[in-house]
Amino acid sequence: MSPARRSAPAVLRLLGGLAPPLLLLLLRPPAASGDCGLPPDVPNAQPALGALTSFPKQSTVTYKCNEGFVKVPGKADSVVCLNNKWSEVAEFCNRSCDVPTRLLFASLKKSYTKQNYFPEGSTVEYDCRLGYIRDHSLSGKLTCLQNFTWSKPDEFCKKKSCANPREIKNGHVNITHDLLFGSSIHFSCNTGYKLVGATSSYCSLAGSTVEWSDPFPECQEILCPEPPEVDHGMIEEKQNSYAYRHSVTYKCMKGFTLHGESSIYCTVKDDQGEWSGPPPECKATRSPAVPRATTRFHATSPPKGGGSSPSVASIIASGCVAGTIIIGTIILVKIFWGSGKSGSYYTHENNKALNVKFHNLTVTGDATEVRPSSDLQQDIYV
């Protein structure tokens, strides 16, 4: 069995637990007359020795508080070597809350801004920031708690409110959330109008109060350009200006026919007025060709020997009578029969008797058709 190791002397064990600077001080040669020994211990603090190994008369040593401790304002934090003895120093390091919480709606009062020592139980007060107003129903103080954290703040300052925005003519004010400091509103116009001015405004600071950042815009009516002209045509009830949804209607001069939509209307695209489509055209009207009228009737053959006994015939006729087209069933009573190229008839239409005389007629051999041999001519006798 190996012999037991002898433990180091107690004094050596004590020296081994000291910090190197203090160890050097203990091991240094005896101090000269008037020198001081090691600086005294101070609770929750350490001396800032640097490279010092001796402390002659009038030497000064300053202490630094340990982490988590703060120097108490007004208390000394250093000692002086006087006649081989260090001056007295009271405990000056204590636990403290950190710098008070920074609040969005309030700022720390000036009396606390340079303070860094906040022991348990100490309180701080705040002032409302610009744009906010004090709510006196809530506490405006924070307290350093036993665990050296600050108490949770109430929202004791409320946002100020801008004035209720007025409506804009022919437009709208769109409120995003509310009218409080920092909020925004947006503007828009009815269809047919365009915005002139700011598109939005913010509730912002104006000295010690709040107001809307931009003047409210206007909604200006959008007009279409002059409607296009049409050759051989005109616009009915022409106006000085044409706004959204206003329409124009075209008509053609005599002898021309309208082709296309007779009306177009004012629309809006990208805040510009434009017409819904192209205008119509007025094209010359073609004179209708005179139809070769066919007159059909059922009748007996003409009397032999050229007699003039009247015959009755039901005739479906079409032709020009006094410049007017007649289409329909006409009852003709032939008052005499001639084998020539003309004939006179009574026509009963709408219970009205007319004596119509046809010229240049051609009669077929079977006497069932009468046709005009050239342009139809009529003499009308009422």
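Every residue gets a Cβ built from N, Cα and C, even glycine.
Where the annotation comes from TrEMBL, it is an automatic prediction and has not been curated.
Per TrEMBL, domain 'Sushi' is recorded for 34-93 (among others). Averaged over the domain 'Sushi' (34-93), the predicted model has a pLDDT of 88.
As annotated by TrEMBL, domain 'Sushi' applies to 95-159 (among others).
Look at TrEMBL and you will find 160-221 (among others) tagged as domain 'Sushi'.
If you look up TrEMBL, you'll see 222-284 (among others) marked as domain 'Sushi'.
Residues annotated as region 'Disordered' in TrEMBL: 276-309.
TrEMBL lists 1-34 with the feature signal peptide.
The annotation transmembrane segment is assigned in TrEMBL to 312-337.
In terms of DSSP secondary structure, the domain 'Sushi' (34-93) contains 0 helix, 22 strand, 38 coil. Counting residues of the domain 'Sushi' (95-159) by DSSP class, helix then strand then coil, yields 4 helix, 21 strand, 40 coil.
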